[in-house]
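Taken straight from TrEMBL:
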TRANSMEM  28-49  transmembrane segment
TRANSMEM  61-85  transmembrane segment
TRANSMEM  97-114  transmembrane segment
TRANSMEM  120-141  transmembrane segment
TRANSMEM  153-172  transmembrane segment
TRANSMEM  178-200  transmembrane segment
DOMAIN    221-353  domain 'DUF835'
Amino acid sequence: MLEILNVLMRLFTWGLAVYRWGKRREGFMFPLTLALWIDFLAALTQRAILTDLGWTPSANALAPLLSTFAVLEGTLFITVALLVLDSFDTLKGQLTVLVSSVIGPAYVLVAVLLNEPSTILFAFPLPFMGASLILMGYALIKEEVGVKSVATLFPLGALFLGIINLTYPITVKTSLSGYLYALGAIFRAMIFIGMLNYAFLPVRPPEKPITELPTGAFYSSEAKVLRILLQKMQSSGNGILITRNLLRGLKPRFPVFWVSKVSEGEMAEGIMTISPTDMGILIDLIRKYLEKGHSLVVIDCFEYLMMENGFESALKFLLSLKDYASKYGGTLVLVTDPSAYPEKEWRIITRELEKLEL
């Protein structure tokens with residue numbers, strides 16, 4: 001029964017990945033869907049599962065197939081990690097994928113031609129897949145889902161599953177193998193639950209365009225400018241607000257990121273709590289909303305981000321927002337108090353941003 005549940009979880013996990021890829025068209029989700037499909041097929045090459053399904057093929061026929069699937073999955077998981085880390089287009093990233101694509105299948109071919117036993121046949125492919133799962137899990141936690149949401153179970157389960165695969169050459173002939181198989185089932189359940197949450201995490205498009213706003217990156221020190229921008233965002237359902245202030249008495253029709261150390265995750269409909277130190281994740285989330293058509297990003301808590309991360313890191317975050325706003329033809333507005341900055345830092349900000357006049 002455990003084997004059948006294993007197959008079903010793999011199939012449903014793949015289906016959820018396909019759903020998310022279809023909805024978002026994120027670059028890294030495409031190789032991930034391919035890897036998860038191969039992972040489902042790999043389950044059907046395991047003798048215990050096939051026996052439960054009423055099939056009894058030769059073990060000698062299954063071992064090369066499972067090894068081939070493992071190296072294919074490993075290469076795809078590495079590709080996912082590199083895409084998430086924005087390293088796929090680098091020479092190092094592409095060489096990593098190239099070397100993985102060459103060495104893995106070549107190892108399986110040589111082992112089969114030499115008629116090596118299954119322990120030798122699996123000695124490279126399964127640890128290789130394990131290492132790739134660990135890398136992908138790390139990349140997704142670092143850049144995509146963070147550590148404080150249900151969706152984190154997906155990369156965390158992949159990371160733990162990778163550790164089990166990595167130890168295969170050492171543990172395969174020991175009494176631990178049965179316990180590790182059971183742990184693997186738990187980690188696959190984590191992957192499924194995390195993917196279930198991750199697949200349905202919404203990024204809604206704007207309801208209508210915002211008019212009468214210049215494109216580019218701006219700053220303002222006037223409270224009335226923030227009120228005008230919030231009115232525009234509320235009336236159009238368009239825009240992203242990064243703030244430390246809860247919007248009392250207002251149910252926002254636009255995404256709000258409340259920067260706080262209290263908790264992380266969706267606090268209310270349209271309001272997501274995020275840690276001030278998770279600026280990489282915040283940038284990625286904002287980029288996705290800009291890709292969907294939102295055209296205004298307003299930030300009124302830059303002083304707090306600067307206090308938590310330092311001026312240089314906070315400035316890099318601000319300049320990344322500026323670049324993305326420019327790339328997607330949007331508008332970035334920093335609402336802040338000039339007196340909160342030393343003169344040198346304020347000069348840098350005003351050199352990068354224009355003053356907004358409304």
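Cβ atoms are placed via backbone N, Cα and C, with glycine included.
Predicted automatically and left uncurated, TrEMBL annotations should be read as such.
Model, not experiment: these values are computed from the prediction.
Across 28-49, 97-114, 120-141, 153-172, 178-200, stretch 120-141 shows the highest tally of CB pairs under 8 A with the transmembrane segment (61-85). Residues 2, 5-6, 9-10, 12-13, 16-17, 19-20, 145, 149-158, 160-161, 164, 167, 171 of the same chain, all 6+ positions outside the transmembrane segment (178-200), place their C-beta atoms under 8 angstroms from a C-beta of that stretch. Put simply, of 28-49, 120-141, 153-172, the stretch with the most CB pairs closer than 8 A to the transmembrane segment (97-114) is 120-141. Residues 77, 119, 122-123, 126-127, 129-141, 144-145, 180, 183-184, 187-191, 193-195, 197-198 of the same chain sit 6 or more residues outside the transmembrane segment (153-172) yet have a Cβ under 8 Å from a Cβ within it.
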